[in-house]
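Colleague: This is the feature table in TrEMBL:
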{"type": "DOMAIN", "residues": "30-211", "note": "domain 'Glucose-6-phosphate dehydrogenase NAD-binding'"}
{"type": "BINDING", "residues": "Arg67, Asp115, Phe116, Lys172", "note": "NADP(+) binding site"}
{"type": "BINDING", "residues": "His202, Lys206, Glu240, Asp259, Lys360", "note": "substrate binding site"}
{"type": "DOMAIN", "residues": "213-505", "note": "domain 'Glucose-6-phosphate dehydrogenase C-terminal'"}
{"type": "ACT_SITE", "residues": "His264", "note": "active site, proton acceptor"}
Amino acid sequence: MENIIASAVSQVGDSGTENAPRRCPPGSFVIFGGGGDLTHRLLLPAIYNLACAGLLDDGFSVVAVDRADLTDAQLRQSMYVALENFVARRGAEAVALRADIWDWLAPRIRYVRGDFEIGQTYQDISTIVGDRNCIFYLAVAALFFGPIVDRLGEAGLVREGRNAFRRVIVEKPFGHDLPSAIALNTRLLDTLTEQQIYRIDHYLGKETVQNILALRFSNGFFEPLWNRQNIDHVQITAAETVGVEQRARFYEGTGAVRDMVPNHVMQLLAMTAMEAPISFDADAVRNEKTKVLDAIHTLSPDDVVRGQYAAGTVGGTEVPGYRQEPGVDPHSLTETYVAMKFQIDNWRWAGVPFYVRTGKRLAARKTEIAIHFKSAPYALFRDTPVDRLAPNIMVMHIQPTEGVTMQFSAKIPGPAVRLGGVRMKFDYAEWFSEGPSTGYETLIYDCMIGDATLFQRADNIEAGWRAVQPVLDWGQDSQTLALYTAGSEGPKAADALLARDHRHWLKIG
Ligand code: BG6
């Protein structure tokens, strides 16, 4: 789990290649749903970036499996267009699509037309991949995860040879509640070993999310403060400005809790709160994550605020309310926002609330983790004009700004003792020449080299669901749904959740 693109690039100019990431082993990258949006928008660009960084072996190939009637040539053409768009989107640093890379990649792309539930499809795949290394990527609707893995097993496609691995990458959503996640794990584990399953959470592909561990554990001065003695509370925010977009069918039965909390938000919480693993070994990291998620205290209704956006203005544009969106039930009770107060019952965190909130159509797009430290003792300032000491806050900015800020007090110049809040800022882009990243490069690369650190183990997934399961059990009908204006900071009830504890949210917009 390193920035393989950036380090591959920087190593070129460095003195040695000792630490350069190694090339992936040869093998086929088989994508179920290979004709679809995820493949075109993210997976193929990530593969292109890996090729540009010289990390793919000559024996690498892509096999796209889908139901549309396409030829190899037609698929390559649509992928070419997708890559051109991807390169164009890079803005200032845009360069044309590299012809040498495309010429290398295009003949390595094959198409298999077939139904995911029919044996013939798997025979066709088998003919192409032979006995080579294979990754099967399930970029399909969740209802196909189980059937595809069953068929892969029946066709003998996941049997590992002495020198050939067979791995399966499973996209989100992994289940829609705790029982279904357990059932899916059981079903996959009937055919595969845990070591063959790579459950993706795309948040773990984000550099800034990976940086949380680096920041905490590679610096001497954070960790001694990282506990209940010094931290008052933590705020985790994953705010979006987009609405439900074209996904009403999926979102109506899902809602903000299922869509964001057991997966992405829990990853942020686990990275922030976990104990130091004994190494970056996949199981060492995942053990610690599960431990901390398992220590989450059972939620009570008072700890949760559900909201839904009403019409409003986002970025100067008027937008409809959720219930007016195409495909949404005009009486829908689906939440597009949730705020929750989690308590972690362990020695490090007892008594330190972790407030999390996520929602669509909020004032700004912003994902961040804010660590609010306890205030210093006031005694020294009682005879000065300073009437209170502001708490120190450290904010880890995940996106769109990437970096860390520290807020603390400094003396305002002048004869009297007066304090002003100041901010010290580290900006990723200023310090590092970032590699061109979709977020999927590291994940694909890691799976190819067999490093599962950034993927979720069965127990991680289940621990995430377990933490939110009470909200799902209470059901929509029995819970209040607070409306909030699109483009706002979220429902007032979410402010009340913190006000009750004499705290307030940092502003989103
Ligand atoms: C997805 C959710 O998993 O994550 C979407 O299904 C959400 O609803 C998206 O918009 C957010 O991802 P990111 O990377 O834009 O924060």
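The backbone N, Cα and C atoms fix where each Cβ goes, and this holds for glycine too.
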Colleague: When you rank Arg67, Asp115, Phe116, Lys172 by Cα distance to Asp259 (substrate binding site), which of the binding-site residues ends up on top as the closest?
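Modeller: Considering only the listed binding-site residues, the nearest one is Lys172.
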Colleague: Please check each of the binding-site residues Asp115, Lys206, Asp259, Lys360 and report the ones with a CB atom less than 6 Å from an atom of ligand 1, ordered along the sequence.
Modeller: Asp259
Colleague: Can you tell me which of the binding-site residues Lys172, His202, Glu240, Lys360 is spatially closest to His264 (active site, proton acceptor)? Compare CA atoms only.
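Modeller: Its closest listed neighbour, by Cα, is His202.
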Colleague: Going by Cα-Cα distance, pick out whichever of the binding-site residues His202, Lys206, Lys360 is nearest to Lys172 (NADP(+) binding site).
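Modeller: So, spelling it out, the nearest of the binding-site residues is His202.
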Colleague: Among the binding-site residues Asp115, Glu240, Asp259, point out the residue whose Cβ has the most other Cβ atoms within 10 Å, with all shown protein chains included in the count.
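Modeller: Compared across Asp115, Glu240, Asp259, the most Cβ atoms within 10 Å surround Asp259.
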Colleague: Which one is it, among the binding-site residues His202, Lys206, Glu240, Lys360, that lies nearest to Phe116 (NADP(+) binding site) by Cα separation?
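Modeller: Nearest candidate: His202.
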Colleague: Taking each of the binding-site residues Arg67, His202, Lys206 in turn and counting other Cβ atoms within 10 Å of its Cβ, which one has the fewest?
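Modeller: Counting other Cβ atoms within 10 Å of each of the binding-site residues Arg67, His202, Lys206 gives the minimum at Arg67.
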Colleague: Could you tell me the maximum Cα-Cα distance in Å between the residues recorded as binding NADP(+), namely Arg67, Asp115, Phe116, Lys172, rounded to a whole number?
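Modeller: Spelled out: the longest distance between any two Cα atoms in Arg67, Asp115, Phe116, Lys172 is 21 Å.
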